[in-house]
Structures are given as structure tokens and as C-alpha cells.
Amino acid sequence: MSLTPSNSRMMSPWGGSLKLTPSSNSPFLKSSPLRSPMKPHRPEVNLSLKQVIGTTANTANAFDSLPAGRSFCYTAGAAAVIATVDEQQQISQRFYRARPTTNPLNPSASVYGGPSTPTQNESRNRTAASLRDAGIGASPLASPANDWSDSPGGRTWTARERIKAATCVNLSPDGKFLAIGETGYKPRVLIFSTDPSAPSDTPLTSLSDHTFGVRCVAFSPDSQYLASLGSSNDGFLYIWNINPRTGAATLHSSNKCTSNVNRMTWMGSNLITVGTRHVKVWRVEDPNSTPRMSRPRQSDVSFLLSSSTHKTLPGRNCLLEALLEANFTSVVNVAPMKAIVASDKGDLCLIDDTDGAQRFTKVAQVGFAITSMAMDSKRRLHLASSQGGLTTLNMQEIIDISTPPPSPAPRVEPPMVSLAGTALQVEAIAPLFDYLVTVDSQRSIRLSHLCSTADDSQVGDVMQKLPAHGDSVLGVAALSKPNSLDASFYTWSSGGSVIFWNQDGVCRDSLQVPLEQIDGSESEQNELKTVRVSIGANFLVTGDKYGVLRIIDCKAKSSMFDFKAHASDITDIAIFEDKTRAYIASAARDRTVQVFTKKDGVWELMQTLDEHVGAVTGILFSGNGSRLISSSSDRNLVVRDLVSREEDGQTMTAFLILRTIVLKSTPISMTWDAHQEDILLVSTIDRQVHKYDVRNGQCLSTFRAADTEGGDAVVLSSLVHVPRPQGSPLIAGVSSTDKSIRLYEESGTLAARDWGHTEGVTAIALVKPSGTDDDDFGQRSLVTVAVDGTIFLWTLDLKLPARQDMSKSVDLLGPSTPTNQDLLASRPPLRRVFSQSELARFQRSPEDDNPTPTGNRSPKLRKRLSKFSLAQTPKLDPSPMPSLPRGSGYGSLRSKSYRNRSPSPPSPRNNTILAKKRSMADVRVRNKPPVNEFGSLGASSEGLCRTLRAYRKRLANSKDDLSSELVRELERELAQTVRAVGDKAKSRSMDETVMVKLLDQYSERLVSMLDERIAASVATMRVREDSESGLSGGMKSPVLDRETDELERGREGDRGTEDSTISNTDSAPTKTTESSQNEK
């Protein structure tokens, strides 16, 4: 039930005074220090099951009573509930559950010599041995018995060992024991003690010999034997011998039973099973039965404790004769050796085994299908009908029949008493001392008077009714206080029922939502999908599978407005109300969001939002109604703002998209933060929980919904934020992965975990106690609902831990904090923390006198290097400086000498100077990228040229025709490209005009220098030719004369160009030219 230990008598697995302490000469040192008492191992969260609404009992096997007392039991998910009726006709509940990893108190051997079920002491001894072998010392502080297997930090169960459904229950006649049978992988038969001081989450005995499922369990009248029957796939019937003092079970006998058995009961020392074409009597204490030897393992601990032999259970079928094809549904013991068997056709038969003849006789015909039978303390037989009524017969009249029996059997038509306003089938019936308890097809439990005041032969009126949903419960939500119904929360089911409950689980009111059904065999059945109730519970809004939105008045229970809002399932509804505005938003699988507004008392469509491309799964209004957030299967969260404008004297409002938050996976559920208005919690299908700020779309935190030891993560299908008196709030959620309810810290640490549902858990809600405000963080309740039709109320205790309980532990760590507030030691310590801007003033260089900047960017602090630190190794890059002339011998020698020299680290004192010089020298190299670098304009131009050449080649070789439109478009693009290239080239030529003007200023000097060089070279050539020809008269060479003439003509052309250029320049160049001519 609770995560806190419930068995206080077992605090140490080795006894009260024995502790596992390593000796001084142990090679394994103690590595784990004492845990601080101010940081307890268990968080300050206590989650316990408070109440169960509804039941999963759909047959008489899952319902039983103690006729001599005031208790009855039934199954509810994975738990069995024992309800007790007090003198004031109030019903109290106690719950019995056992996790798959829970070890029983008593060992139990397998039928065929398999390993025994370990006890709690054995499991703790094994754990201690493994810790000792691993070198981990045990803590001297005693740990509770449930810490190893039941705590959130304990070992988790595997996928096959998930929570299994309880399918059958039975109370021992002496009231000491409760037997529960499970269905699923490796089902168990659990035996609990009903003593109030015994733990309800630790069984006395666990029997795991059945496969697939346990169909029936039944205690013998003397509580000595327990019979367990497996399903038809299992095919085995076991008889267990029960120790009346400890509850330990040993196998007595067994046999195969492969028939479809509906019910099982004891008749004295014999066992009767009835089912489809099956009525059989099993002899438990038959002296002629042969024993069977089992072969236990030598490692099995229990083979020394139990007998290794068990007998074969003998049995004999009854001769059904004319009822050979009948389906027998119920059997009840009416005498030590007599029993009544009923069929689904209304046949009543008597089994008489007084002399061991096992006679089977039909004695009556009631005319209706019998689902269950029970006999009360006044020797009356109560028959439950499939039409929803009860019939009472006098047992003495049925038993005392003439011999031989009349043929055909007489038809009995007693009056039928209806317990419900509608014709609901009664699934099970059980008598108490003064009452009669029934379970109908709607899972409602009714407590009726045993006898009517007018007629003792009939059942009295219903005095107590425990209502429930008869089908899958799809949602739960809390109600604001106060409200007109004085309710705390409400639930709704797929069948259209809406029930309002108070904090104690008492029904305050209910209504039925009308659901339209489309005629046709291929049409889907309509279901109620979602419900939202307004503030004060004045009206509620419902959405069904066909997309119909209804606004229903809670008091009149009639529909005020009906809309065909969507084309498919409505997945979520949100309501916002204040003094001036009222909005209703609905989301559906048709990828739209509809927003309705209320004007002059009439609801009308305000806006249709279709931004999503997937099914919209959730919708939320902000606290002030200014924002609307929707989640969708397209992995997006859309945040919208409410805007308004004036048009023709009227105010028009609409929701516009503010931003879109993109998720990595599909969102499953979302809820608002309990303290911050703009913080949204979102759970996704990848088993993560995210926290987003809708103002900027930033993800604040993310954690994986896993166990504390890093086990399998789960998908949280519904979220709720739970505030705490100290520390960050808790995130509560339910998961259909392992049918659990979990509470996490915002950091992702698992604070509490519990379970109880056996089908998909659909929703969770936080309910505050009545009469408390938001600042009261006492006991609160969490409500979970599931597809199995059950509603679980959990107590969430958020009280702070008592400091007086830890006073002794505090002394272990040192002196306690003084409590006198007048002492100086009790005052808060002094603090003076410098800000970043103040620290920057100290770390700024002395030469920088500018004040510290106060803008958005922090001041950039100069790093001070130590003179003893090693400088980084310089890179061996080629020098970017221009090389010396080749003729310089010193430069060439120096370059050769430094070429093979190993670089040495520069002096730390000159690091700054060298860095500045290198940076100045490397400017040209670093800032000048390659001309045809990838992505540059040159590379793009080359690529375009290659493309054009390939295109021309394709035009020449291809025989295809081009359309006129393509030709015109190609010409237009080519023309624009040519124009753009010309503009680029023109702009570059304009940049070169400046250099042209500078060259024109010094053109005369350059021309004169060029003339002198040419004249010198011509003279040298003439001298060389004269010497070669040997002519003393100096004959002229025709080649040289021709070259001289060309030079003269070129000089005259240059002078003419120079004159025209000088005439077009400004005054300054003109003065410069004149001065140069005068100097010449």
C-alpha cells in the first residue's frame, strides 16, 4: 500500500542486536560513511492508498463474504479489498497487495521439486552476503524490512513480472486468512493475514505453481484446506494444507481439471466444481488415494520443512442425463452433504452425497438465467438474475422433495425483487449477518436489508450504495471550491456517465450525457471522450467521438447548446471565465482548434485555428486567458496571444500565433506550473518530461521518467504539478507502461511510486481538502482512474519531518545549532559579495582609465601571464615579408643559415611585441583569400563558364526543339547576366582611375628616364656592331637605323599623349608639369 515500511516488527534481518560489522583485520574496508540525519534516505513524501471506488469483480469468484461477521471482500485491479460494515452502517476498507518482488514470510516448495519461494529473512541474508562479498560494509542503522524489495530504490521487476490482476478471492470461515488468485505471467496464490496488526503488503505464503491464471480459490469449512484451480489452459487443481498458526501451505493432493469451470465450493470434506457440461465431486480425504513422490532439489531449503509426498486427488463426474448440454453457473452448499447447482437456463439441481452415492437430481425451474446464488443465516436461498432482480426461495421446501423426484420438475415462480431502477445484471451476491451485498454489471455495490419489513420472505430495501462507472473511466479533474454541488472532483466514463465526488469518495451527484448513435453495422460506437466543468460547477462542456460539443446545465441536467464542432474525436476541452469574458476551446483529431465565446448569454463560434498538421492532443488557457497553448502529434506546441481591435464600434478579438515550440517527439500531456504562470510542463512519448518557458520558447529543464537506479523509463500519460511547503514542487504522473503512479522531483529524482491499477491508467488529479487554502500544504489527495473501471484515492502527505525525532542522530555529527536567538552564533553570517562589474574594476589594467561598461556585454578582462610560464611553440610558417634581391649575398647567406635552424621559444617579455609585429606583417596574407577559393565570386564565375560551354555543346549535338517561351527566358537571363558582369567590371575600372591620375603627374619624369635608358642602350649596340664589322669609317646598320626611327616616332607619340593628358588635368598637376619642364 504505502511506500513506507509497514512491518515494524522486522527491523533487522539478523535479529534485534546482531549487526554486520567488519572486523579490524578484514580486507574489506568500510567505504560507506554514516548517512547524515538531516538528509534522510527517504524523501519527505508519503503516498498511501486511501480508498478504492468501483470493483473489477465480474463473477462470483471475485466476491466473497464472511456470513458470521460484517465483512465482505472483492477484487479491485491488482488489490483485494476487505470492507467492514460498522454499527452506523458506515463502510471502511483495507487493501491487500503484494508486489512481484515481495517475498512472503513463509517458504513454499514447488509441487514438482522446483525452487522454493524465498522468505524475507532469506532474501536479506543473501543481500547481506553479496554486500559482504563485494566489500561494502553494512550500516549500523537498522533498515526496514521493505527497503530491499519495495522501496523506489530497490530492484525493479522485469517486463514479464509486471503487476498482475487479482481475479478471485476467498475468506476463510474462521476469518483469519484471505486468499487471492492472480492472472498473468507466473500467477500466484497469495495468503494474507486479516489481523489488523499484520502487514497488508506482505503475504504469509505465496504459491506460484499455476500458469496463465488462477480461476477459483476456496477454503474448506474448517479452514484446514485451500483449493486453488487454474484456468482451462493451466488445467490443474491443487489442495493445500494450511497451518492455522502461521498460514504456511503444503501440498496435500492434486489432479488435472481441464474443463471450463465457473464455480467451486466445498461440501463437507469434498469439493464440487461446476462449469460447462461439467459437475464433479472431488474426494479430498479418500483413504484409497495413492501417494505421489516428488523429487525436490537438494538446494531447496523447504524440502526439510515439508513432506516430499502428496496424493492424487480422486474425483467422479455426476450423471447429468437430460442436462448434458447445460452450462452450470453457480453452486452453493446447503447441508453437510448436500448442495444446490444452478444453470444459465434456470434449472435448480440437488447433489445428495449422504450415503456416498453422489445423486444428481433436478428439483425446480425458476424461468430465468441464474448468475449467482447464496444462502443466508435464515436458511433462505437467494438467486441473482441476469435481468437485475433477486428471488428468494425456502431451502427446506427444495430439499424435502418426494422420492422418487417428480418428473418433470415443478416450475417455481417466486416474486422477484429489483434492486436497481434499471434492469442491470447482478453478477455476484453474498450474505452478511444482517445484510445482503450484491454487485451489478455497472460495478456498483449495494448493501440491502436481509428481510423486508412487510414480508420476511423477501429482501429489504437498499440502505447503502457504492456507485461506480460500469465501463472504462477516461478522465478525472478537480473542482474549484466552493461550487454548487459541494464536490471535490468528478470523473467520466466512455458510456456517458459523469459522477461528482467529495474528498472522501462519496457520490454527490451524477448525470448521463446523451450520446447520439449512427445506425449501421459499420458505424463506430459513440463514446464520451472529454468533460470540463466551469468554475462553480454551473455548467459542463462535453465532447464525444463524433465531434459533437455540448454545454449542459449542471442543475437542470439538460443541454443548453449543441454544436457539431469537429469532424472526429474531441480530445481535449479548456474553459476560461472571468467577470467580463468567457471562452471555450476544444481540440480534436481533425487537426483543428475551435474557440467559442459567450455574448449576451449565448455561446457562439469565435475562431477556428488550423495551424497544426496532426491531431491536436491538448489545449490550455493561461491563468489570465491571454494565451492559448495547443499540443499536437506533429511534435509542435503552438502559443497564441489574444489580440483585439475596434471595428464599427465593436471590439473584435482573435488568437494569433506568438511562437511555435518544436519538440523532438510527440507530446502526451501538458500542465501549467503551480507557481509560475508562463512555465509549461510537457511529457512526451520518448519518456521525457520537459519544462518550457512559453514567453521565449526556451526549454528550462528535461529529465527522463525512470527509476532511481536507472531502470526502465515509462511514458507519463497524465501530469499534475504538486506544490510543497519546502523545496521545489513535485511532478506527479501516471503511466500505463507499468500501471504505476509516480512522483518526481523537478530534478528528475523519483520521490515516490505506487501501483494498483491493472489496465491502462488514463488520468490523475490533485484534490485539496475542503476548508483549506492554497498555502496549506498538509495532507492532499491524488485521484487516479483507469480503463478497468476503478478509481483510486491516494493520500499524499507533504508534512515536514519532525525535528525532535532526529535530535539523537544530530549529536552523532557534532553539536547542535543553538536555539537562543539572542546569541551571536544564532544570527545569520555576514556576507559581502562583489558583483561582476565591481570585480572588473580591480582586474582592469592601470592604463585603461575608462569606466567599466554597464551595457549588456560584460567587460573584457586582460589576462595576466606569469613570467615563469612557458611560451607556446611558434609555428614554422614561411615569412610573409618580401624577399631580398637575389644579388644580395648577405641576405642569401642568412636565409640559408636560418633555414635549418630549430626555432627557439621567444622571451616572455617580448611576447606582446612579437605578436604585434607578426600580426602587422601577416595582414596581407590573412586578409587576401585565394581568387578562386570555394564559394568566392571567381569560383562561381568559372563554374558558370563550364556550364555555358556544356550547354553550347548540348545545343550543337541535340535534335530537340526549344519553345519560344524558353528561348525568350534564356535571352532575358543571359542579358541580365551580361549587364551585371559589365557593371561589376565598370565599377572596378572606376577604381583604377585614381591610380591613372597619379601616374600622369609623374609621366614627364618617367619619359625622360626612359629616353636616357634607351639612348644608352642604342649607343652600346652601335659600339658593339662597329667593333664586329671592323669598319673604321663607321658604316650605319640598316637594322639599327630602323629601330632608331621607331623609337623617335614612339617618343613623339608619347609627348602628344602627354600634352593632351596635361591639358585635361586640374591646376595642381599643371603646376607640377611646368616646374618639371623648367628644371629640365
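Each Cβ is built from the backbone N, Cα and C atoms, and glycine gets one as well.
Taken from TrEMBL, the feature compositional bias 'Polar residues' covers 1-10 (among others).
If you look up TrEMBL, you'll see 20-29 (among others) marked as compositional bias 'Polar residues'.
For 100-109 (among others), the entry in TrEMBL reads compositional bias 'Polar residues'.
The compositional bias 'Polar residues' annotation in TrEMBL covers 116-128 (among others).
Feature annotation from TrEMBL assigns compositional bias 'Basic and acidic residues' to 1039-1058.
Here TrEMBL flags 1059-1080 (among others) as compositional bias 'Polar residues'.
The annotation region 'Disordered' is assigned in TrEMBL to 1-40 (among others).
Annotation comment: TrEMBL describes 98-130 (among others) as region 'Disordered'.
If you look up TrEMBL, you'll see 136-155 (among others) marked as region 'Disordered'.
Annotated region 'Disordered' per TrEMBL: 811-830 (among others), in sequence order.
Summarising the annotation, TrEMBL assigns region 'Disordered' to 840-917 (among others).
What TrEMBL records for 1021-1080 (among others) is region 'Disordered'.
Beyond the ends of the repeat 'WD' (207-250), by six or more residues, the same chain brings 61, 105-111, 117, 167-174, 176-177, 179-184, 186-191, 193, 256-261, 263-266, 268-269, 271, 273, 282, 284, 306-307, 313, 333 to within a C-beta distance below 8 angstroms of the stretch. The repeat 'WD' feature in TrEMBL is assigned to 207-250 (among others).
Look at the repeat 'WD' (609-650): DSSP puts its residues at 0 helix, 26 strand, 16 coil. Residues or ranges marked as repeat 'WD' in TrEMBL: 609-650 (among others).
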Worksheet item: According to DSSP, how is the repeat 'WD' (207-250) divided among helix, strand and coil residues?
Response: 0 helix, 23 strand, 21 coil
Practice prompt. Find the average pLDDT over the repeat 'WD' (207-250) in the predicted model and report it.
Written response: 93
